Amino acid sequence: MTKYVFVTGGVVSSLGKGIAAASLAAILESRGLKVTLLKLDPYINVDPGTMSPFQHGEVFVTEDGAETDLDLGHYERFISTKMRKANNFTTGQIYESVIRKERRGDYLGKTVQVIPHITNEIQAFIERGAASATCGEPDVAIVEIGGTVGDIESLPFLEAARQMSLRLGRNSACFVHLTLVPFIATAGELKTKPTQHSVQKLREIGISPHVLLCRADRPIPDDESKKISLFSNVPEDAVISVWDVDSIYKIPQMLHDQGLDRLICEELRLDPQPADLRMWAALVEKLQNPKHEVTIGMVGKYVDLTESYKSLIEALRHASIHTSTKVNIEYIDSEELETNGTASLAHLDAVLVPGGFGRRGTEGKIAAVRYAREAKVPYLGICLGMQLAVIEFARDVVGLKQANSTEFDPNTPERVVALITEWYDREGKVEKRTEDSDLGGTMRLGSQRCPIKPGTLAEAIYGKDVNERHRHRYEVNNRFVPQLEAGGLVISARTPSEDLPEMMELPSTMHPWFVGVQFHPEFTSTPRDGHPLFKSFVQAALACQQTRAGAKA
């Protein structure tokens, strides 16, 4: 039978519940247990697909095409179990489901209320999510409850967790509470009062945490841990210090050293094999002892909030580990390139243009593409980054001066990139879309496999085929492909059913390393294996740096 660990947060948001939950999962998996994770989001949006990156950060796409919270990306990077749509749900989905049942008459005329109908639905979603785990029936399901204790939005989820713990019985569920212990510089000491109040608030709801994870900018002294233990009614050995570190991949070892997995296994009456964290130690060792160093420019419009590119940043870190190369990421606002030109890119070893939506900043990104192509600097364009690379090539090489995307200019006569109006989803069903379709849930989403053109750089990187995840509405227009290919551009991968361009590149006679991909490879990168595309990109950046150094010598 699956046992449950509920992870809650207090004092402030953004303390790292997702990292803490994923790290615990990694330790338990290293002990031979089958583990899955779920994220419960209290907002009323059905999913984060239409939310601003400045408010929500990255939208992580699962293999089965769900638009989910970025924490699911952490889950997949820390454990081997793949996440699905059922691993993330929101208040919006819960209410949508309950209202649908009420309209059908499932409640037989009863007054539908938060308790029991909403809380029962939350419990059903949790159990369904755990049961759908790709690892089979999990030994442990770790359930992260979004928001902060005390928020009105989180109350139904916390109440559902309390009820579920009671229903499952002793040793079937436990609670881990992540809280903040701030350092007050003027007083020169850590303050435990916020943690005491947070735990008190949680206990008022009827939940007594079994373990406290205390976030601070430094290790918490024993005296402060004893005080927290006394006022929170949590055993002293269950007050765990979680201080700031320079890599999230150090967290599993930190938590294991303080006995978190032992406490959880004891509470849930589990007796697995000892933890083996040698892989994590090796990853950290490689990350901290690189042999080389490169600087990659990431050109986007969300650079003020790097959470918008969380998986992409981590994918570059994974490539750093597996190429023994420190990757410095320089964030460049594309709108500044429109105003000031591309002189600020001259020192970069490679240029990356990530995915995005909307017209703002696109001409600055196109200028970055042009610079990378003409200066022979390695270029990787992801999703929108590929589309803009095609537009730049069409304008500046092929001579289609009005080439554009209908996303930015619906009236352009040279629609090099246009809306996909019909395509097949992962189940083989035809999906249709128009300019008037709803924004939510109308994109091409999820993992799709396609063959790669032999003899291309793409084949050297991936092999015979590629299986990656998508999140987009627009595609390169096949009507212009013959002109683009005549100019030298290579379409190196296409979807087998709709014949949609998936990858483009420039031949080695035109550029040493220039690749665009319509999919999002960052979603499948893990620290264990890295990702072939990002490893190749970092190696190309290093080669560019060495070529420049040789030319100067």
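From the backbone N, Cα and C atoms, a Cβ is placed for every residue, glycine too.
Its Cβ taken as reference, THR195 (CTP binding site) is surrounded by 29 other Cβ atoms within 10 Å in the chains shown. According to DSSP, THR195 (CTP binding site) is assigned to a helical segment. Summarising the annotation, Swiss-Prot assigns CTP binding site to SER13, ASP151, ILE152, GLU153, LYS191, THR192, LYS193, PRO194, THR195, GLN196, LYS227 and lists sequence analysis as the type of evidence.
Annotation comment: Swiss-Prot describes ASP71, GLU144 as Mg(2+) binding site. The Cβ of GLU144 (Mg(2+) binding site) has VAL7, LYS17, GLY18, ALA21, LEU37, LEU38, LYS39, LEU40, ASP71 as same-chain neighbours under 8 Å, each 6 or more residues away in sequence.
The Cβ of GLY385 (L-glutamine binding site) has 26 neighbouring Cβ atoms from other residues within 10 Å, across all protein chains displayed. If you look up Swiss-Prot, you'll see GLY356, LEU384, GLY385, MET386, GLN387, GLU407, ARG473 marked as L-glutamine binding site.
The secondary structure of CYS383 (active site, nucleophile), as reduced to three states from DSSP, is coil rather than helix or strand. For CYS383 (active site, nucleophile), other Cβ atoms within 10 Å of its Cβ number 22. Annotation comment: Swiss-Prot describes CYS383 as active site, nucleophile, evidence class sequence analysis.
Feature annotation from Swiss-Prot assigns active site to HIS520 (among others). For the recorded site, HIS520 (active site), the DSSP three-state label reads coil. Within 10 Å of the C-beta atom of HIS520 (active site) sit 22 other C-beta atoms, taking all shown protein chains into account.
Here Swiss-Prot flags GLU522 (among others) as active site, drawing on sequence analysis. Sequence-distant contacts of GLU522 (active site), defined as residues of its own chain at least six apart whose C-beta falls under 8 angstroms from its C-beta, comprise SER311, LEU312, GLU314, ALA315, ILE382, HIS531, PHE534.
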Within the same chain, and leaving aside GLY356, LEU384, GLY385, MET386, GLN387, GLU407, ARG473, name every residue whose CB is within 8 angstroms of the centroid of the CB atoms belonging to the recorded L-glutamine site, in sequence order.
GLY355, PHE357, CYS383, LEU388, SER405, VAL417, HIS472, TYR474
Taking just the CA atoms, what is the gap between HIS520 (active site) and CYS383 (active site, nucleophile) in Å?
7
Tertiary neighbours of SER13 (CTP binding site) (same chain, Cβ under 8 Å, six or more apart):
GLY147, THR148
Starting from each candidate's C-beta and looking 10 angstroms out, tell me which of the binding-site residues ILE152, LEU384, MET386 has the most other C-beta atoms.
MET386
In terms of DSSP three-state secondary structure, what is the assignment for GLY356 (L-glutamine binding site)?
coil
May I ask which of the recorded positions ILE152, LYS191, LYS193, THR195, CYS383 is closest to ARG473 (L-glutamine binding site) if we compare their C-alpha atoms?
CYS383
Please tell me which one of the binding-site residues listed here (ILE152, LYS191, LYS193, THR195, LYS227) sits closest to MET386 (L-glutamine binding site), measuring Cα to Cα?
ILE152
Looking at L-glutamine and its recorded binding residues GLY356, LEU384, GLY385, MET386, GLN387, GLU407, ARG473, figure out the farthest C-alpha pair and report it in angstrom, whole number.
14
